[in-house]
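Notes to accompany the following structure.
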Amino acid sequence: MKQFCVFGNPIAHSLSPLIHNAILQSLNLPYLYGRFHLQEAKHLKATFLQLKLSGANITLPFKEQAFRQADEVRGIAQEIGAVNTFVYEDGKIIGYNTDALGFWTTIKDKNIQTALLIGAGGSAKAIALILKQNNINVFVTNRSTDKAHIFEEKNIPFVSQDKLLNTRYDLIINATSATLHNTLPLRESLLYPLFESAKIAYDLMYGGQNIFLDSAKRHNLHTQDGQDMLIWQAIFALQLFCPELSQKLCDKEAYRIMSLVCK
Ligand code: NDP
């Protein structure tokens, strides 16, 4: 029997066990996916091994530590410097990042040319990179500036907040955890003029009250929360956990099942 889990802190709100188990059960597989409230990042790898997991997802705030603790990192995660998926393979922990492709899958058909990404954490790095790789003009801003160099080293402009209004952005992405604390990621006097000239507001958070998307709706923007990104990153993680699944279940059907259980 294979066992998987999601590590995070906090973790009670995570929908990952629900959506992964929905797929595993639909295929009658004797696999189980649980959740683990990890107190300290330094115990991530040891806990994964003690639990004898075949794979895991890693969420806030451990993705950068997961990158450091993996025995080997593959794919876009190498460039992002953050890992959200561990796979146990031949006695080694292999780290991947499925957030980037999960996010891109949700917006690739939306005709975006310019994006402002608010936030500089693990998920912001993944999103900035995948947008750049797909030729979107992406700009990053954050309340603190100590991580600006991470983006600038990859030729992704980091914009200080006093210069934000110099550009218009089609897409404004909230990749901070501000919504979790029921606050806006930027002060109103900056955010509202940005909304005036944008088309879409996207918040990585899903479920519950969303002050950022509620404000965007009042400015007549299209809005999107993080549920579809969660589902797509989970589908890509499942393909890594159980490569045999892709023969039994197409992505579209996996998306349908996961969306149903999220309702
Ligand atoms: P990190 O902890 O790595 O980064 C948090 C970011 O939020 C930092 O840039 C931080 O700024 C900023 N921040 C925190 N509080 C505030 C605030 N009150 N005002 C402004 N900025 C703030 O988190 P992650 O990047 O891993 O995750 C960010 C969010 O995205 C979380 O809400 C997470 O749940 C969600 N997420 C959703 C996913 C999905 O599949 N839907 C996938 C991944 C993440 P500073 O650097 O100054 O501290």
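For all residues, glycine too, the Cβ spot is worked out from N, Cα and C.
Automated prediction, rather than curation, is the source of TrEMBL annotations.
As annotated by TrEMBL, domain 'Shikimate dehydrogenase substrate binding N-terminal' applies to 6-85.
Taking the Cβ of Tyr206 (shikimate binding site) as centre and 10 Å as the limit, one finds 18 other Cβ atoms among all the protein chains shown. DSSP assigns Tyr206 (shikimate binding site) to coil in the three-state reduction, placing it in neither a helix nor a strand. According to TrEMBL, the shikimate binding site annotation covers Ser14, Leu15, Ser16, Thr59, Asn84, Asp99, Tyr206, Gln233.
According to DSSP, Lys63 (active site, proton acceptor) is assigned to a helical segment. The annotation active site, proton acceptor is assigned in TrEMBL to Lys63.
Looking only at the domain 'Quinate/shikimate 5-dehydrogenase/glutamyl-tRNA reductase' (111-179), the predicted model's pLDDT averages out at 96. Residues annotated as domain 'Quinate/shikimate 5-dehydrogenase/glutamyl-tRNA reductase' in TrEMBL: 111-179.
Listed in sequence order, Val140, Asn142, Ile173, Asn174, Ala175, Thr176, Pro185 are the same-chain residues six or more apart from Gly119 (NADP(+) binding site) with CB atoms under 8 A from its CB. Per TrEMBL, the feature NADP(+) binding site maps to Gly119, Ala120, Gly121, Gly122, Ser123, Leu204, Gly226.
Every protein chain shown contributes to the tally, and the Cβ of Thr59 (shikimate binding site) ends up with 24 other Cβ atoms within 10 Å.
The Cβ centroid of Ser14, Leu15, Ser16, Thr59, Asn84, Asp99, Tyr206, Gln233 marks the shikimate site; residues of that chain outside this set whose Cβ lies within 8 Å of it are Val6, Asn57, Leu230, Ala234, given in sequence order. Within 10 Å of the C-beta atom of Leu204 (NADP(+) binding site) sit 24 other C-beta atoms, taking all shown protein chains into account.
The number of other CB atoms found within 10 A of the CB of Asp99 (shikimate binding site), across every protein chain shown, is 32. Within the set of binding-site residues Ser14, Leu15, Ser16, Asn84, Leu204, Leu204 have a CB atom less than 6 Å from some atom of ligand 1.
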